[in-house]
Amino acid sequence: MSGSRVLVLNSGSSSVKYQLIDMRGGSRLAVGLVERIGEGGGSRVKHTPADGESREWTGPVPDHDAALKAMAAELDRDGLGLDSPELAAIGHRVVHGGLRFTEPTVIDDAVLAEIERLIPVAPLHNPANLTGIRTAQSLRPDLPQVAVFDTAFHTTMPESAARYAIDVETADAHRIRRYGFHGTSHAYVSRETARLLGRAPEDVNVIVLHLGNGASASAVRGGRCVDTSMGLTPLEGLVMGTRSGDMDPAVIFHLMRVGGMSADEIDTLLNKRSGLTGLCGDNDMREIRRRVDAGDERAALAFDIYIHRLKKYIGAYYAVLGRVDAVAFTAGVGENSAPVREAALAGLEGLGLAVDSGLNAVRGDAARLISPADARVAVAVVPTDEEMEIATQSYALVNEECNPLLT
Ligand code: ADP
């Protein structure tokens, strides 16, 4: 039997986030971040061991290779080096797995080639994920590397939810369909919600609202995703920190033909300068609430648009599921913003949905119920933990692979 530690890597275009997790007991041994990679001397490394002070420094980290070497050096200082026999696997967050990857997958050359083939549908994310994987492979070529895909949980969506109503040949030629994202979080939170209710995931229907800077909703029937709000890319669906979410696609033609904007300019507008930022100049829900409370009308309108969209998705997924056992709020806004949770469910008592304002106001790190005791539908706050989910899935997979009795 190999070791019990898993290193989780989330490689973005200019940052690498990592956590070293001991699966015996599920404790985090170290967490860290290398950001502003390739930005001259201005890169920043922050490393926090479980039983010590955080260490932070700025300096040149020119590329991902240097970033992972900086991470390895920090881990070494705590006696947690990558050469340790305790390390069982490296688990990588990979954003786009297309239709092929429905499960976590041990990475080999064919898997790398497929992730590369998906770059046209995930041009921002998959190249960075690939760089992280290749660099990690060069540091520990002997170790299993596992890809855990953001899209995997959503591959159970029926065609009726996954297809856009456009010409089928054109859609298929360009692999245009709804893939969904944040799947690791939706999987974890829907399972944890069932656990909170003391029921098996197979028996529970949940609407999961992952409200972070990026935001998505999903309808989960008996542990399987049947619909989600993000689509071909993370742009579809809810109003987000900087993304528009749903919109008439003709807005894009109008901006091109009448507004004289290029495709790249519109891409930036809709992904980076829209959503809450576009509506009121702020994307942080704390700041927006502060402004609303101070009587700021633009912030109030932004909040109302955000809530209106959220409520529409809750209603839609209620109809998709038919029977709903729980609504679960998660991620930065969902876990922390009592006003968002209250406003999103206000007026939905007819659907059996209500929030107990006393319970809603209590802050906490643990999964908890915030609906009244006699509510027909449970409303829960469930902190997400994508890194733990990636570690759990990676560890289960490598143990399965080396234990034929389990397969
Ligand atoms: P992501 O992983 O998508 O970057 P997070 O899930 O960390 O985002 O969520 C970040 C967002 O959470 C912030 O932009 C902010 O709007 C919101 N947030 C964080 N803390 C609070 C809080 N105490 N109250 C309200 N909103 C919060």
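Cβ from N, Cα, C; glycine included.
Because TrEMBL annotations are produced automatically, they should be read as predictions rather than curated entries.
According to TrEMBL:
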- ASP150: active site, proton donor/acceptor (ACT_SITE)
- ASN10, GLU386: Mg(2+) binding site (BINDING)
- LYS17, HIS210, LEU211, GLY212, ASN213, GLY214, ASP284, MET285, ARG286, GLY332, VAL333, GLY334, GLU335, ASN336: ATP binding site (BINDING)
- ARG93: substrate binding site (BINDING)
- HIS182: site 'Transition state stabilizer' (SITE)
- ARG243: site 'Transition state stabilizer' (SITE)
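In this structure, ARG286, VAL333 are the binding-site residues from ARG93, ARG286, VAL333 whose C-beta falls under 6 Å of some atom of ligand 1. Counting other Cβ atoms within 10 Å of each Cβ, the lowest count among the binding-site residues ASN10, ASN213 belongs to ASN213.
When the C-alpha distances from ARG286 (ATP binding site) to the recorded positions ASN10, ASP150, HIS182, ARG243, GLU386 are tabulated, the minimum falls on ARG243.
Among the recorded positions listed here, namely HIS182, ASN213, ARG243, GLU335, HIS182 has its C-alpha nearest to that of ARG93 (substrate binding site).
Here ASN10 (Mg(2+) binding site) is positioned 22 angstrom away from GLU335 (ATP binding site), judged by their C-alpha atoms. Note: the Cα of ASN10 (Mg(2+) binding site) and the Cα of ASP150 (active site, proton donor/acceptor) are spaced 11 Å from each other.
Comparing the recorded positions ASP150, ASP284, GLU386 on other C-beta atoms within 10 angstroms of each C-beta gives the minimum for ASP284. Under DSSP, the residue listed as 'substrate binding site' is assigned to a strand (E or B) in the three-state scheme. Ranked by how many other Cβ atoms sit within 10 Å of their Cβ, the recorded positions LYS17, ARG93, HIS182, ARG243, ARG286 place ARG286 at the bottom. Non-local neighbourhood of LEU211 (ATP binding site): LEU238, LEU310, PHE329, THR330, ALA331, GLY332, VAL333, GLY334, SER337, VAL340, each in the same chain, at least six residues away, with C-beta under 8 Å from its C-beta. For ARG243 (site 'Transition state stabilizer'), the nearest of the recorded positions by C-alpha distance turns out to be ASN213; the candidates were LYS17, ASP150, ASN213, GLU386.
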